[in-house]
Amino acid sequence: MFVDQVKIYVKGGDGGNGMVAFRREKYVPKGGPAGGDGGKGGDVVFVVDEGLRTLMDFRYQRHFKAPRGEHGMSKNQHGKNAEDLIVKVPPGTVVIDDETKEVIADLTEHGQRFVVAKGGRGGRGNTRFATASNPAPEIAENGEPGQERYVTLELKLLADVGLVGFPSVGKSTLLSVVSAAKPKIADYHFTTIVPNLGVVETEDGRSFVMADLPGLIEGAHQGVGLGHQFLRHIERTRVIVHVIDMAAIEGRDPYEDYVVINEELKQYNLRLTERPQIIVANKMDMPNAEEHLQQFKQKLNEDVPIFPISAVTRQGIRELLFAIADLLETTPEFPLYPQEEEAIHRVVYKLEKEEAPFHITRDDDGTFILSGEKIEKLFKMTDFSREESVRRFARQLRSLGVDDALRARGAKDGDIVKLLNYEFEFVD
């Protein structure tokens, strides 16, 4: 069964670190700062590729991390921006944020792009921090961390071709012969409970996805048997291959089978009958099959191409696959229900509260815990190996109101404050 839902991890590249450097060339007195900025980290970008049909590739790789930007260099040389990480997805992929459960992208058109995780900006070099009062700063920023998240990919497209017919007419056998699919095969009804899918390739290199759908019986549109499950899957196919047991092994009239199945498709959704249909007369290697085929053609009384085959002996399979591939090339996709004449476009606006720059909680041992996206980003972009950077970080905390908030929570001189995996001593 093809994968149609998968959870993956994506992370944009971190920005490159800024550089602390000074000009030291001969004959350049008081050269001043010369540290370049870091380069931007790469984005993780989903790009729709119409050549892909499934999410199978994501079963083997579920972590995608874009490269980080190059670090800044001396002589005011900026680091190189990192290249984006391109991840190809099939048309019809829906991207859902795993934390909020919101749909963040619906990717349908070939070449459509969506940045799922943005890369961080490069850290500023010490040239950026030069002021009249501090013309030679020993301070630079680390690169901004890239965005990271878990997302769920869902693929609603099932197949190009759907095999329909009464139970045990040979649909599963046909699929197993023309593709690498391994459906459950037996001569009792409803062996196929869920759709089996297989990729079919013709001798001239064309390929398509074929679905062996659960068996259909009279009354399916009312939920009898496996009706609704079957019909929901066939809604998505572009070409219907109607398989008929021409040997009449079950004792039913092949023409009656044909009429009943088409009536069920018509009852469920009018648009199903608009799809092109190929009639396949299966089990032609069995006794009386040829006689039944002639009777079927007389009753049908239409100039409709019928492909006599035997899934077991592979008689007629090659011609059938070529006909399906030819039909797919000229068949567009079908909307599930009739289109409204005038589409109404709605835009949803949401009021999003501005997130607080930090939160303070307290552990059982009395340690104060600082958290929050903004304060954690400031921390990660601070170079703690340089005293000026540490002093700047302390000023940033004060300007955000962290010191006052800690005092209000009862923090005293010498108390431990924890941010991420690092501990500091509170100095009042």
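In case you wondered, yes, glycine gets a Cβ from its N, Cα and C as well.
Among the features that Swiss-Prot reports, GTP binding site is placed at 165-172, 190-194, 212-215, 282-285, 310-312, with the record citing sequence analysis. Summarising the annotation, Swiss-Prot assigns Mg(2+) binding site to S172, T192 and lists sequence analysis as the type of evidence. The domain 'Obg' annotation in Swiss-Prot covers 1-158 and rests on sequence analysis. Per Swiss-Prot, domain 'OBG-type G' is recorded for 159-329. The domain 'OCT' annotation in Swiss-Prot covers 350-428 and rests on sequence analysis.
Feature map: annotations from Swiss-Prot on the structure.
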residue : record           : DSSP class
G165    : GTP binding site : coil
K171    : GTP binding site : helix
K283    : GTP binding site : coil
S310    : GTP binding site : strand
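Spatially close to K283 (GTP binding site) yet at least six residues away along the chain are V169, G170, D245, M246, A247, I249, A289, S310, A311, V312, judged by Cβ distances under 8 angstroms. Using DSSP to sort the residues of the domain 'OCT' (350-428) gives these counts of helix, strand and coil: 29 helix, 17 strand, 33 coil.
Per-residue confidence over the domain 'OCT' (350-428) averages out at a pLDDT of 85.
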